[in-house]
Structure formats: C-alpha cells, structure tokens
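One structure below.
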Amino acid sequence: MPPKDPCQKQACEIQKCLQANNYMESKCQAVIRELRKCCARYPKGRSLVCSGFEKEEEEKLTLKPTSQ
C-alpha cells in the first residue's frame, strides 16, 4: 500500500469548499493557500495532489517573457 499523501486533507478541504460555494474559486482562497503551503513543505513528486501546482510552476518558468 502506498504511503498516505501528506496533503490529501487540504485537497479534500478544497473540494468541500468548492462544492459549498458553487465552485467559485474566489471563495476558497484560504484553503487553496493552505494546500500550497503544504505542498511547499514536501519535495517535488512526494504528493500526488500537489502535482498540479508543480506543473503550474514549471509552466510559469518556461513561459517567462523575454526582453526585446
């Protein structure tokens, strides 16, 4: 059995918040911040629920605007 995802609790809290607020992400910023904080505490790849944030960060780095 794989080890429990360390940020699973925060991911579930986001889902509950989104459902309770008609999927308005703006109403769930506090719980989203908590998940981001949890993800920052673990090495990349340790938490499956953090993989979306990790991909988002990689894309930001890849798409940096260049000076002309």
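All positions are counted from 1 along the displayed chain.
Each residue, glycine too, has its Cβ placed from N, Cα and C.
Only one of CYS7, CYS28, CYS38 is recorded by TrEMBL as the disulfide partner of CYS17: CYS28. All protein chains considered, the CB of CYS50 (disulfide bond) has 25 other CB atoms within 10 Å. Inclusion criterion for the disulfide-bonded residues CYS7, CYS17, CYS28: a C-alpha placed within 10 angstroms of the C-alpha of CYS39 (disulfide bond); this criterion is met by CYS7. Cβ neighbours within 10 Å of CYS39 (disulfide bond), excluding its own Cβ and spanning all shown chains: 22.
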